[in-house]
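Annotated features, as they stand in Swiss-Prot:
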type	residues	note
TRANSMEM	24-44	transmembrane segment
TRANSMEM	45-65	transmembrane segment
TRANSMEM	94-114	transmembrane segment
TRANSMEM	117-137	transmembrane segment
TRANSMEM	144-164	transmembrane segment
TRANSMEM	171-191	transmembrane segment
TRANSMEM	216-236	transmembrane segment
TRANSMEM	240-260	transmembrane segment
TRANSMEM	272-292	transmembrane segment
């Protein structure tokens with residue numbers, strides 16, 4: 001009996017954890033770290049930790065509210081039908097309350113403990129993801145990912161603002177890198193999940209314009225991404241080293257995009273999607289490494 005109760009509690013905790021979309025949250029926090037490290041000045045380690053926790057909670061808040069709103073279409077898609085809400089393991093009301101609570105807490109703590117600018121940016125990123133992307137764009141236009149991608153591009157700006165109490169062109173460049181990365185990343189996924197998106201009536205690019213045009217868009221955005229990814233060299237301490245690292249990582253990205261156009265199959269699209277995640281981690285790791293003095 002006692003073991004059964006413990007298992008139920010553990011299962012519930014895991015389901016609420018899944019509402020936060022942890023894989024996205026890890027990436028969000030990592031890019032926020034890049035913003036903090038590249039920013040001029042310094043920050044007390046404890047406040048830096050508080051800032052990152054707030055970013056994580058804010059990201060999780062947006063994820064939970066997104067799952068609450070999308071519970072109807074999640075039920076229709078193979079990829080999402082086993083999520084906590086459509087599977088019935090977490091009630092829609094509980095998920096919404098959980099998401100709103102986390103969002104309010106994250107912004108409030110950021111404002112009180114860190115500064116108002118970083119808190120405002122965090123609030124904008126949450127609201128943009130929920131209202132602009134989830135509620136307005138996702139079900140209405142194939143530009144959903146293009147415009148909606150801005151929501152996930154805020155973390156480096158938030159990290160920068162946490163340190164400097166300001167927004168600058170440098171942090172906006174980091175924003176642009178993620179903004180340009182988002183479309184090819186999600187289009188590679190959507191090409192392999194066309195039936196799911198069609199069943200849920202989500203107007204992804206490949207559903208509206210067809211797979212051929214979408215593959216061309218992937219290549220175009222990949223080239224634009226790689227060009228944008230070179231811009232941080234303008235303010236990083238090890239500019240030449242960063243340029244070489246970003247160029248290599250970017251060439252591999254374009255190679256995968258070309259493979260998607262050339263082979264037009266599930267395998268090439270899956271590899272493109274997988275590499276795009278590794279690419280963003282690697283690129284921002286390069287940004288972090290090239291902004292600190294180790295030798």
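Cβ coordinates come from backbone N, Cα and C, glycine included.
Counting residues 6+ beyond its ends, the transmembrane segment (117-137) has Cβ neighbours under 8 Å at 51, 54-55, 58, 61-62, 65-66, 69-70, 103, 106-108, 110-111, 143-144, 147-148, 150-152, 154-155, 157-159, 161-162, 165-167 in the same chain. When the stretches 24-44, 45-65, 171-191, 240-260 are ranked by Cβ pairs under 8 Å to the transmembrane segment (144-164), first place goes to 24-44.
Residues 38, 170, 173-174, 176-177, 180-181, 183-184, 187-188, 205, 209, 242-243, 246-247, 249-251, 253-254, 256-258, 260-261, 272, 283, 287, 290-291 of the same chain, all 6+ positions outside the transmembrane segment (216-236), place their C-beta atoms under 8 angstroms from a C-beta of that stretch.
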